[in-house]
Amino acid sequence: MTTLVQIMYDFAAVSILLVLGFLLRKKVKILQNYFIPVSLIAGVLGLLLGPQILGEVSPIYIPFSETVPQWSTVLFCFVFGPTFLGIKMGKINKNAVSATFINGTLHQMQAVVGLVATLIFSKTIMKNLPMGFGLLPVYGFYGGHGMANAAGIIFEEAGYWSDGIGAGMTFATIGIICGVVFGMVLINKGIREGYLATTASIENLDEEDLTGYVPVGKRVSIGEGVANPSALDPLALQFAIVGCVIICGMIMRYFLLKISPVMENFPIFATTFISSLIVGTIINRTKYVEYIDRDSMNRITGLALEYMIASAIATTSVGIFKKYWLPFVIISAIIVLLNYLLVRYMSKKWNESDWYEIMIGAFGMTMGVLATGLLLIKVVDPNYETSATESVSIASTLGYAYQLPYTILMPLVVMAKPNLVIVISIVLFIVFFLLGEILCGRRNKKILRE
């Protein structure tokens, strides 16, 4: 039986891995040049030092308990709980609208490629390949390790597919590496073609962007204190608010199960997300929004994600890639190619200005995470002279409107009606592309002629 002491040991072990990962990111150039997140480094370290690799040849290794793979479900409640609390939208520029349709089109392209390729594999050389595998490329590439893990949890908790988390993590790792590597290739290509200044270089990044370490004098507050510490610790108040949202999600799931046992596969973090939407929408329109510090909410989400990603990768089965290497390679190659072809076409045609910088950012974001896209933009636009950073950031926020429901609902649907998911994904791809062409494409004919 797992005790609280064992859970504390696992927490300490993952914490040590995160610190080691941070120190490696600070010192190792190759990790800096490819913007490898510390949580990914920590997870790989945990995998190497855990029972699956080091434990096979040495009596001394990190023995994670059986509950570590279950962390993700709990931590995701703290990821989704703060989602809509105190959120504010800034002014949306035209390029941000274009970038939103670009991202939506790429999101659905990745889904369609993954699903169709999986269907072909399952009908030919890999007859036992579940259709859920086809959803993981979009969750891994576009959504990153967090969304890939969320889908994997749904598959595993439903008893549908035990390799879901590991396969999702693999796609996410492939995506973030390809996003940086090919993003830098596109930057060099843009310099040669004259679209970017010849001064565009990774040297434009600040030292803290590369090392991850922010020196004294450049550090900023991670949040504002809403409560006086003499009454209640400010961060404790924000955690308590998130806890209230989570309990609302738990109550919601309880009644959904009473209505229909089919909802058993609907994960607790999904009802937490819905709870956050409802509670956040209400609170944001009242004076009680002043009790919420958005920066602190972001830090709670970030904290949960770091531990979730590190622990999930550290406990991933090392046999996953060997088992599914062919679909991993083929699907990833097709997505990388189509991602480039589509993002170049759409960015050039749909944006009024700064199309190449926006293309770089959108490519990086849809192959990894927003931070990857923003760092690539900073390489080519260190002084923020273009609209690229703002446009891609706003598009990422607006993208949650389709990304999160797709991530939560489609894994549930694909387990019962995979063909319906394929049809929905194709229709959404067409809708995003046509809306972009109609609303954003026509105003750029002059740019295309030039």
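Glycine is no exception: its Cβ is also placed from the backbone N, Cα and C atoms.
The transmembrane segment feature in TrEMBL is assigned to 6-24 (among others). Remote same-chain partners of the transmembrane segment (6-24), defined as residues 6 or more beyond its termini with a Cβ less than 8 Å from a stretch Cβ, comprise 31, 38-43, 45-46, 49, 62, 64-65, 67-68, 71, 212-213, 306-307, 310-311, 314.
Per TrEMBL, the feature transmembrane segment maps to 31-50 (among others). Remote same-chain partners of the transmembrane segment (31-50), defined as residues 6 or more beyond its termini with a Cβ less than 8 Å from a stretch Cβ, comprise 13-14, 17-18, 20-22, 24-25, 61-64, 145, 169, 173, 176-177, 180-181, 202, 210-212, 305-307, 309-316, 318, 369, 371-372, 375.
Outside the transmembrane segment (70-87) by six or more residues, the chain places 10, 146, 149-150, 152-153, 157, 165, 238, 241-243, 245-246, 249, 267-270, 272-273, 275-277, 279-281, 283-284, 289, 292-294, 297-298, 300-301, 303-305, 307-308, 311-312, 400, 404 with a CB less than 8 A from a CB of the stretch. According to TrEMBL, the transmembrane segment annotation covers 70-87 (among others).
What TrEMBL lists as transmembrane segment is 99-121 (among others).
Under 8 Å from some Cβ of the transmembrane segment (165-187) lie the Cβ atoms of residues 34-37, 40, 43, 69, 72, 133, 136-137, 139-145, 148-149, 151-153, 155-156, 196, 200, 202, 312-313, 316-317, 320-321, 324, 328, 332, 336, 340, 359-360, 363-369, 372-373, 376, 379-380, all in the same chain and six or more residues away from its ends. Positions annotated as transmembrane segment by TrEMBL: 165-187 (among others).
Per TrEMBL, the feature transmembrane segment maps to 235-256 (among others). Beyond its flanks by at least six residues, the transmembrane segment (235-256) meets 77-78, 81-82, 85, 223, 226-227, 263, 266, 268-269, 271-276, 278-280, 291-293, 296-297, 300 of its own chain at Cβ-Cβ distances under 8 Å.
Summarising the annotation, TrEMBL assigns transmembrane segment to 268-288 (among others).
What TrEMBL lists as transmembrane segment is 300-318 (among others).
The transmembrane segment annotation in TrEMBL covers 324-343 (among others).
Under 8 Å from some Cβ of the transmembrane segment (355-377) lie the Cβ atoms of residues 35, 37, 95, 98-99, 102-103, 106-107, 110, 141-142, 144, 172, 175-176, 178-180, 182-184, 186-187, 190, 195-196, 205, 209, 336, 339-340, 343-344, 347-348, 386-389, 391-393, 395-396, 447, all in the same chain and six or more residues away from its ends. Under the heading transmembrane segment, TrEMBL lists 355-377 (among others).
Residues or ranges marked as transmembrane segment by TrEMBL: 420-440 (among others). Outside the transmembrane segment (420-440), and at least 6 residues removed from its termini, the chain residues within Cβ reach (under 8 Å) are 94, 97-98, 101-102, 104-105, 107-109, 111-112, 115-116, 119, 131, 135, 346, 349-351, 402, 410, 413-414.
The list of residues near the transmembrane segment (300-318) in space but at least 6 beyond its ends in sequence, with Cβ under 8 angstroms from a Cβ of it, reads 10-11, 14, 17-18, 21, 37-40, 42-47, 50, 52-53, 62, 64, 68-69, 71-72, 75-76, 78-79, 81-83, 145-146, 149, 163, 165-166, 169-170, 173, 238-239, 242. Among residues of the same chain six or more beyond the transmembrane segment (99-121), those with a C-beta under 8 A of the stretch's C-beta atoms are 129-131, 133-138, 141-142, 326-327, 330-331, 334-335, 338-339, 342-343, 346-347, 350-351, 358, 361-362, 365-366, 391-392, 394-396, 398-399, 402-403, 406, 410, 418, 421-422, 425-426, 428-429, 432-433, 435-436, 439-440.
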